[in-house]
Amino acid sequence: MSNDKPGSSKDSSYSERAQNKIKEKIENIVQSSKVPFQKLKKKWMNQEEEISKCKYIIVCGPKCSGKSTIIKQLIWYDNKLCNDEEKQLHTKNIRKYVLEIIFTLVDAMLRSTPTMTFDKPENENKLHYLKNYFYEFNCNYNYQFCNYVESIWLDKNVQKTFERKHELQLQENAGYFLDKIHDITRFDYLPTEEDILHYYTPTTTAAERCFKLDCSPVCITEIVNQDKIFFRKWARYFEDIKAIIFVAACDSYNVMSTTDTTKTKLQESMDLFCSVVSVVWFHYKDLILFLNKQDLLEEKILEGRYKFEDYFENFKNYRSSVDSLFSIESEPFEVLRVKHFIKNEFLKIAEAHRPELYAPIMYTHFSSAAKREKFNDILTSTVYIIMRCNRCTFGLL
Ligand SMILES: Nc1nc2c(ncn2[C@@H]2O[C@H](COP(=O)(O)OP(=O)(O)OP(=O)(O)O)[C@@H](O)[C@H]2O)c(=O)[nH]1
Ligand SMILES: [Mg+2]
């Protein structure tokens, strides 16, 4: 009967109330922390599982070599292609890009010596409209755009100027879009996947792209702003990666580097490749080398304007051990010689810098990453290699 004692009931109810309050408080804390903690724990466990299964891959190579294009193709693997809404987002940019190509061509035509003007004088007004109204007002589609752009492109003197495309500041894929100008200027134009692959958007930050590849998670990071010392400095941060993709643009054999004017961009790619394979961390990693832009390389070699031996002296005496292959493959002999020579140069660098003892596997692909069909087989085997790297990590192979 302690409750009957004076003050006791008060005290006891006080202590009871206090205790209950504390209990309640603790419960609240536990409750509030318990739920998210459990959720978090589940999430962590899931993440941990995902991450441990995840194939971290870095994609490196010189600027504009096709790194993002290859990543796009990998994301679209399994037919997870763009839907119409996503495609629509590219329409305006592609139209704007086509206009910029037209402006560059007209500019070059007007500056040429002897000076040229439009073959059809009425194109002058059309150009004026496109430059001062259409382009200025955000390139929203209208009837004039549809008629004027094609009319200017078909002007005899503009076409003549395009024959000098190598001398002009045009991107290599300008021809691809000009060939499709009739489709692009239609009101119902919806870019194809190949149009999206050909459209260039420079990558400015090293963003990680995580997606499912053949039902398994993959994280791919495109490395930006690389130079020769980049890998030596940062390589240890990539210690956990499972594989490296290196992309080189083979058609750049005649394009002089902007940073070292004694070298071509292809030679510069080889230097960069050398610094990648020299990194000790990477000696244990699988390496997938894409000798990219084969379609543009073939076009350039067959055109004959820029002889390969003028840029790589030892090409003259190149006798390939795969000479017998030349007769089986359907490509022109000279193109095959060039592409196998380039491959050989990269392999020599890898052999010299990746000690055989550690070096796992180096896979080499001749690729045309912006071509949907042509890239299909390579895509399948790349996915297989990525899966293989993963199974190796878990001792399944
Ligand atoms: N014709 C052709 N064009 C290609 C090929 N691969 C890439 N391209 C084009 O080359 C341009 C550059 O490709 P990206 O994939 O953006 O190159 P990148 O290496 O990511 O470039 P940065 O992000 O600026 O370093 C784009 O217009 C692509 O469409 C190819 O094999 N053939
Ligand atoms: Mg990129």
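Each residue, glycine too, has its Cβ placed from N, Cα and C.
TrEMBL labels come from automatic prediction, so no person has curated them.
As given in TrEMBL:
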{"type": "BINDING", "residues": "SER68, THR203", "note": "Mg(2+) binding site"}
{"type": "BINDING", "residues": "LEU197, HIS198, TYR199, TYR200, THR201, PRO202, THR203, ASN292, LYS293, GLN294, ASP295", "note": "GTP binding site"}
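Overlay of TrEMBL feature records on the structure.
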{"residue": "SER68", "record": "Mg(2+) binding site", "DSSP (3 states)": "helix"}
{"residue": "LEU197", "record": "GTP binding site", "DSSP (3 states)": "helix"}
{"residue": "THR203", "record": "Mg(2+) binding site", "DSSP (3 states)": "coil"}
{"residue": "LYS293", "record": "GTP binding site", "DSSP (3 states)": "coil"}
LYS293 (GTP binding site) to SER68 (Mg(2+) binding site) - Cα separation in whole Å: 13
Per-residue Cβ crowding (10 Å cut-off), top of binding-site residues SER68, THR201, THR203: SER68
Distance, SER68 (Mg(2+) binding site) to LEU197 (GTP binding site) (CA atoms, angstrom): 9
Cβ under 6 Å from ligand 2: qualifying binding-site residues of SER68, LEU197, THR203, LYS293: SER68, THR203
THR203 (Mg(2+) binding site) versus ASP295 (GTP binding site) - Cα distance in angstrom: 23
Cα-Cα distance maximum in Å, computed over every pair in LEU197, HIS198, TYR199, TYR200, THR201, PRO202, THR203, ASN292, LYS293, GLN294, ASP295 that the record assigns to GTP: 23
Surrounding CB atoms that lie within 10 Å of the CB of LEU197 (GTP binding site), all protein chains: 24
Tertiary neighbours of TYR199 (GTP binding site) (same chain, Cβ under 8 Å, six or more apart): HIS90, ASN93, ILE94, TYR97, ASN173, PRO191
Between SER68 (Mg(2+) binding site) and THR201 (GTP binding site): CA-CA distance (Å): 9
